[in-house]
Amino acid sequence: MSVRVALHSPSGSRSFLERGLLLLVMLIFLEGTVLTLGAASSPDISAQDNTGGHDHRGIEGSHVHTNYTYTKKAFPVLSLDYHHIQVPFEISLWVLLASLMKLGFHLIPRLSSIVPESCLLIVVGLLVGGLIKLAGEEVPPVLDSNLFFLCLLPPIILDAGYFLPIRPFMENIGTILMFAVVGTLWNAFFVGGLLYAVCQIEGTYLSQVELLPCLLFGSIISAVDPVAVLAVFEEIHINELLHILVFGESLLNDAVTVVLYHLFEEYSGAGEVTPMDVVLGVICFLIVSLGGIAVGAIYGILAAFTSRFTSHTRVIEPLFMFVYSYMAYLSAEMFHLSGIMALIACGAVMRPYVEANISHKSHTTVKYFLKMWSSVSETLIFIFLGVATVAGPHAWNWTFVSVTVILCLVSRVIGVVGLTFIINKFRIVKLTTKDQFIVAYGGLRGAIAFSLGYLLDKDLFPMRTMFLTAIITEIFFTVFVQGMTIKPLVDLLAVKKKQEAKRSINEEIHTQFLDHLLTGIEDICGHYGHHHWKDKLNRFNKKYIKKCLIAGERYKEPQLIAFYHKMEFKQAIELVESGGGVKLPSAMPSQVSISFLSSPALHLIAISTLSASAREV
């Protein structure tokens, strides 16, 4: 009662004695509760009755009368239950290890200038796998196909597709398709056919290897890997043309690889190939590639349309973009379409409309989360590749492995030189000998080839282990030898590097002017080239699509004015981040003055004003 009076006393002041008494009462109450719970949770497993263990059954029924005795146990203050959190703990540990390795790599400038990051991460994976094996533990199969294709690969491809430079990609789409489709087919059949011929030579002990498994192996090993290309080409800062050629080829050859892989896998079980199978293969390629693009475009449009209505719930804007993109990938994979092409199409379609709808904070979140996610996935892929090399069984055959490496190099060089000879007849900007060398030398292989080889059935392909050993050797050769030497070769050949200068309004004005000029020339000449169809597409986009996918009045904003607003906003952000170090030009037009420039009558005034401002920038 004294405690209650103290708690509700009008003055609110409590003495030291009253507080101590209150604490004592609470401790006694809690102790009784804990002991009751501890006793109730610890029953004695031995149950005996009062009659010495004999059963007494009544006339009306049988009833067992037992008395349970409880053994009081100490309350578990601290316990260990690793299995409860094993999976998320190990995943977090792998991610932490990968991030620390990436951090340590960039803290040593001399090392990062000589050795590519991908090489160092593979070495780390080899060391980790070796330590696990030396400890007597079984190395886990961390790079299984489901983990790679469903978790690690999508963020890398989404980042590449979302930030894909659309203009240079579309300007070189013909060259990219030639390298991706015709070049991959050439490499697959050249490597597979000659490997089969070598296997039939006496003394190689490979006469049991048949033609279709060799062609399947050739289709797996011939595709350029986008993860490896990104990891190496981002470090050497190659010019935009060569980067988009090699990287675009690595993205678009996925459809060819998927079709060839499934066709040869199916034909290997059947044992023969008919002309109808070849026709069906061509149709399958078109369905896989175009179907993947269609699925990605549909989800991209859905993401853009959804972003129209997120103005009151800005916090979930990035979530819609990530979920729609991942759903595009999963939907494509569900129908055995090209998930990579679905992600590329989804990112490229939704970016211009989504960026016009979402807030700047959401855009920043999307940008840095994608970069972080793709960087961690890329790091884990190379570490897991090293671990899987130590973990997996290997069947080493010097003839098969060495011939595979040589044929991959030879077929790549012949394919690039031969296709470039044809391509240069139709290109305005020709590919020089240096460009051809970089494109051929930059054909790196990576974890996609390893994962496809890992998917092979052991019963259908008894040489699966030898195939995996040869694939790992080819990956290590391209990543270590070609990846480490391509940067010195680029410097030695004086290949043009990527310019880090930002695009100015002056460049944007002249680019749009040339586009309209070339479109007018094509219309006058009656030759409907790509500039004519590009202009038609832009008009249709502005008249119909933007009106449906962009909220408010922003869809009416001219492209030049939108670019000016974007540039002005970037400069303001740089000014804030640098603490006032960036000096904005005083003659730049204000947002109020720029708004009236959308009038057609004042278009020439807009161009002259912005040109003068751009020169001052």
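Keep in mind that glycine also has a Cβ here, set from the backbone N, Cα and C atoms.
As recorded in TrEMBL, the features of this protein are as follows:
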TRANSMEM  21-40  transmembrane segment
DOMAIN    96-490  domain 'Cation/H+ exchanger transmembrane'
TRANSMEM  115-135  transmembrane segment
TRANSMEM  147-164  transmembrane segment
TRANSMEM  176-198  transmembrane segment
TRANSMEM  210-232  transmembrane segment
TRANSMEM  244-264  transmembrane segment
TRANSMEM  279-305  transmembrane segment
TRANSMEM  335-354  transmembrane segment
TRANSMEM  375-392  transmembrane segment
TRANSMEM  398-424  transmembrane segment
TRANSMEM  436-455  transmembrane segment
TRANSMEM  467-490  transmembrane segment
Most CB pairs under 8 Å with the transmembrane segment (375-392): which of 176-198, 210-232, 244-264?
-> 210-232
Listed stretches 176-198, 210-232, 467-490 vs the transmembrane segment (115-135), most Cβ pairs under 8 Å: range 467-490
Range from 176-198, 244-264, 467-490 with most C-beta pairs under 8 A to the transmembrane segment (335-354) | 244-264
